[in-house]
Amino acid sequence: PSCFGYPLSIFFIIINEFCERFSYYGMRAVLVLYFKYFLQWDDNLSTAIYHTFVALCYLTPILGALVADSWLGKFKTIVSLSIVYTIGQAVMSVSSINDLTDHNRDGSPDNVSVHIALSMTGLILIALGTGGIKPCVSAFGGDQFEDDQEKQRTRFFSIFYLSINAGSLLSTIITPILRAQECGIHSKQRCYPLAFGVPAALMAVALVVFIIGSRMYKKVQPQGNIMTQVSKCIGFAIKNRFRHRSKEFPKREHWLDWASEKYDKRLIAQTKMVLKVLFLYIPLPMFWALFDQQGSRWTLQATTMDGNFVAIQIQPDQMQTVNPILIILMVPVVDALVYPLIKKCKINFTPLRKITVGMFLASLAFVAAALVQVQIDKTLPVFPAAGQSQIKVINLGTDNATVWFEPQIQSVNVTSMESTAYMTFETSQLKSFNITSGNKIKTQLIKLSEGNRYTLGVKNNATDIVAELLFDNVTSKPEEGNNLIRFINNLPDTINITMGDTSFGTLASLSGSNYNLFPGGRRYEITAIINSMPCSVTSKTLGFGSAYTIVINKCSGEVLDVTYSEDIPPNTVHMAWQIPQYFILTCAEVVFSVTGLEFSYSQAPSNMKAVLQAGWLLTVAVGNIIVLIVAGASKLSEQWAEYVLFAALLLAVCIIFAVMAYFYTYIDPNEVEAQLDEEEKQVKKDQDVYEKQAEADSQM
């Protein structure tokens, strides 16, 4: 059955691909944040495991292709691995259910190793599934066409690429929204089970859709895998060359010609073409090393930025959608506008030049990311290192005060109702402080624990100076755009404080509360009950990622008078500043990745496409392994320096590639094949002539 001149079965395959990509990219979009916030891993471990997973997803296609071509056939391979895949997604979803091990119901898992074990199992199954079916689905789609449907087939591949990007676009918008919801049985937290569960459901849909179309498919029998033949041929050539390494054997034109004793001329000629392309692939992994950091480092960068776009609050993991949106817009623009313009300017923009430009652009994108990072670093607070403590002073009284940190370390003046920034001390050196305010002096011994922050509240009362040292239990900036708020009661009476729906409990005079988390980008109602009289005020609009100490000073006419002391400044660098780096990287992807596959196919015989596809996917896997090695080996504490390092590495590789490309000569595989056909015909002709001659001779 056909529809619009296409085999009907194609539509099932495209829907299947859309669901599968939705499932994969949706899961991948929230993955690094799941590691960081749910499994509580630090940035480096999260990045490392993320890239290990991506690398696995691109190594398994080689397995999938072997299984499909030599044993099960494409259809059965897709079905059986999709089942594995669906199970993996389901396991992933279960692994993120907090209530699974949270027996004390405090909102964080009691036994994290159970969650880690489950999610690693899930990820391995997903890598097997997604990788295994990746090479089969597109090829299986190609198999559905007759030989005379060349035009429809090319159209199919571009629709196929579009469905991949549509799936990835929708899922990178939707899954982060699901993740940002609150859910849970006993305690509410970010909804990872839903964010992983929806992809799992879609994978199941993909599987069902694919099986429904089963009757219509044209199923080609597995014909043995070309990859095994190619590797055997190469192996034999090397072995044979090594056996004949002494001087007396004549040299051969190409080292692969040493395989001619065992393999036919055609296979050797085809293998030569493949190797020529694969040699050019060697520098390409460096590009992927940068490209795939969108999901790890760049997403983590977005968590330290301000995501307030006028009416909407953007989640850090949603910034990744910029890439598929731009791809969908730019592929047609580049094809219809940019390339023809370049052609008009009489520039010969060969495929290899495009790839070189793509590498250069990706390295630029990382320079842009580094510049943004430098701006972010300026806004990040410095926390005390080991052996240090930090103190800030808040003057709660009406007189100015001077605080001396002894023995003679430093002094600081604080005007009434003001606070200082945090001052850093060597913990072992700081012994005491004395305060002068008005005409009074007070000295107090002090013992701090290292690596912590403290706030010193100072007040000159009618009788004496009161000094209250509060422990600030904060050693990192609040994550995900939340804010930390606490209160100091500067009234003579005991009060009861609530802010929004959160109760801070009862506060005695001149004491401080603990910090509580509040989502950013909005205002909250602050209510204090003083001698059973409510008194309230609306807070200022909170930013993202800040911490404040709010001092309650007095209540006049049921309106609270409060002052804000900023403990940690909010994220001020806007997420929109990430758009330039995404834009440059997407330009790079358009000229690099689309061209790369086209180029590979144009330079190798038709039956070798699988080998090249495998080689291409292998470059992605190696690229992700490079991230692990570089990020692990470089002991760079500064994130911007790591971005610059990657940019520099890619630039160096880009120059090497440009040189390699300069010496590359383009071939037309069809011509080579035609020549081989011609030679074979000639040999056959000669044989016939010889046989006839022999026959004639024998009759004499």
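Just so it is clear, glycine is given a Cβ too, placed from its N, Cα and C backbone atoms.
Quick caveat, the model's predicted, so the values are computed rather than measured.
Taken verbatim from TrEMBL:
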- 48-68: transmembrane segment (TRANSMEM)
- 75-92: transmembrane segment (TRANSMEM)
- 112-133: transmembrane segment (TRANSMEM)
- 154-174: transmembrane segment (TRANSMEM)
- 194-213: transmembrane segment (TRANSMEM)
- 273-291: transmembrane segment (TRANSMEM)
- 325-342: transmembrane segment (TRANSMEM)
- 354-374: transmembrane segment (TRANSMEM)
- 610-631: transmembrane segment (TRANSMEM)
- 643-664: transmembrane segment (TRANSMEM)
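When Cβ distances are compared across the two stretches, the transmembrane segment (112-133) makes no contact with the transmembrane segment (154-174), since fewer than 3 pairs at least 6 residues apart fall below 8 angstroms. Counted over residue pairs 6 or more apart, the CB atoms of the transmembrane segment (610-631) and the transmembrane segment (273-291) come under 8 Å in at least three pairs, which marks the two as touching. Beyond the ends of the transmembrane segment (643-664), by six or more residues, the same chain brings 276, 279-280, 283-284, 286-287, 289-290, 293, 297, 352-353, 355-356, 359-360, 362-364, 366-367, 369-370, 373, 630, 634, 636 to within a C-beta distance below 8 angstroms of the stretch. Between the transmembrane segment (154-174) and the stretches 194-213, 273-291, 325-342, 354-374, the greatest number of Cβ pairs separated by less than 8 Å involves 325-342. Counting C-beta pairs under 8 angstroms (sequence separation of 6 or more), the transmembrane segment (273-291) fails to reach the transmembrane segment (194-213), with fewer than 3 such pairs.
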